[in-house]
Amino acid sequence: MRVCPRSALLLVLLGVLRHGGASGLLELSLGKFRNVLLNQTSPVEAVIRNIGSNVTVVVFQVHAQQSDVVISFDKTPSVNSSGVGVDRGLVSILRPQQTVCTWYLRALDAGQVLSTAISIPYMEKDPIPGGCNLEFDLEVDPNLYLDYTLVDIHIKFAPANLGYTRGANPPSCDLGTGQSSRWRLRYDVYQYFLPENDLSEMVLVSHIRKMSEVQSIKANGIKMLTLTTDDKTNVYFSSLPGQGVIYNVIVWDPLWNTSAAYIPVHTYACSFADLVDNCSSLSKLSTKVFFTAFAVLGLFTCFFGHRFWKTDLFFMGFIVSAFFFFVFITRVTGLGYDVRLILTAVAGVVGGLLLAGSWWRFGSVLLCMFVVGLVLGFLFVSTLFFTPLGDYRVFRDDVVFWVTFTSVALMVPVLFVGCPRILNILASGIVGSYTVVLAIACYVYTSLAYITLDLLRRVLNDYFNRAYTNVPFQRNDLIILSVWAMLALSGVTVQLRRERSEVPFPPHPYLTWKRERERRSTNVLDPSHHIPPLRERIQNKLLHIKEFFQKDQPAGERTPLLL
């Protein structure tokens, strides 16, 4: 992942120092961004002068990449007059005749912190973000509060209030729920992806500007959903470790057709400070070894799976048994990740050997082809739900989701029941080539890995159905998608050309059984024709077992040795 070159960062810092902002006074203009260098010991006083009389509210905000900053109304911060975080803001309600606003900034920890600051004005008819706050410390709180895990991201915020003129009392937040109250407000939640594999500070600073003002948010962000005042003001998204994402909320007043933006918040869903599994190195060594070896087997199956039929079955059996075993031990045990991965690999090998060793038995050909088709069906449906179709509200219901998922997945082996050779070649080519994508994802971020990862998250986490699973699709993803498509198409084409002159394979189980029955009934020299009935064979087995526990009887007469 790219980081900002040291020389470029030094030039930026010099520019910050030249324009003021290392310490002391920082002069700001409404709607203009300023980079500011903060430290812990010397607070920076940010000032805006000559504010117009038509402005009733000023939202001031500051952003840093990974180090918390403190923003407050007073030089000595208090709980009810300050905020702490990497993305924080304050709302200043202007008094009559007020033309100057002042805020104080400093870094929370020792060391220099590069940040960017902006103040945005709003008029009397514009809604006030966080104006009806009842949960957080600030009286008016325009901030978005973000928490993340390896699975999902949780964003919550305070409801907004209607705008009002300078000097007037704010509208009541709880008096009535009609169209004359704040209950008419709507909240549009937007998402914006930073460039993939880029963790530099300057990239964040330049892109967060696109998600700070209403018009810029609408032009650059992706609108994910709209909340009414009846909805809870919290939203869940799937976590994308290593991928920078910016979120913001626009509150809209449909009566006056006015809008205001909350404070944008960003996350990489990972830690920059951790020595292991940090934002620059997300995959564990065990994960890299597992999926690299898996990709080697998958690449072989992609081009030679149908010719080496047992290897193909081992590959498919490995996938099925490993998936279900990993889900089982994760659900019922508290084992560490590395231990679970090793046990999953062992279970996959056992399952693959069982499937590969049973294909030749009577009736097992149909079962093997069903397993192969089911694996292809699961990948096909996972790809469908990877698209925006997966974020439809109807699929938040687990029953609807799993019934739809299973039904569509089962359609694949059913549709190809009359042409098992085509089914096997398609499955080995497409599934085998996708393992290369999973291996690449261990070293370089790619959204294509979430085709199957989101399915695993949904199985393992009871509340993942509430998360929106939108992912970026940028240049790296286009390149990897092209590699996947090229490998799949090449593998399928090579196998079809090689097998076009071969006899149909595998033979139909019913025709094979019928032919064998006729052969045994007409050919009396066939040893299988003389096989005893089942009842007689069972009795013979029982006799053998009984003889095993009997003592040997003495043979002949024994006399003592006469001396």
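Every residue gets a Cβ built from N, Cα and C, even glycine.
Where the annotation comes from TrEMBL, it is an automatic prediction and has not been curated.
Noted in TrEMBL for the protein shown:
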type	residues	note
DOMAIN	292-496	domain 'TM7S3/TM198-like'
SIGNAL	1-24	signal peptide
TRANSMEM	289-306	transmembrane segment
TRANSMEM	313-333	transmembrane segment
TRANSMEM	339-360	transmembrane segment
TRANSMEM	367-387	transmembrane segment
TRANSMEM	399-419	transmembrane segment
TRANSMEM	431-453	transmembrane segment
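Across the candidate stretches 313-333, 339-360, 431-453, the maximum count of CB pairs under 8 A to the transmembrane segment (289-306) is reached by 431-453. Of the Cβ pairs linking the transmembrane segment (399-419) with the transmembrane segment (367-387) and spaced 6 or more residues apart, 3 or more are under 8 Å, so the two regions touch. Residues 297-298, 301, 305, 340-341, 343-345, 347-356, 359, 368, 371-372, 374-375, 427-428, 431-432, 456, 459-460 of the same chain, all 6+ positions outside the transmembrane segment (313-333), place their C-beta atoms under 8 angstroms from a C-beta of that stretch.
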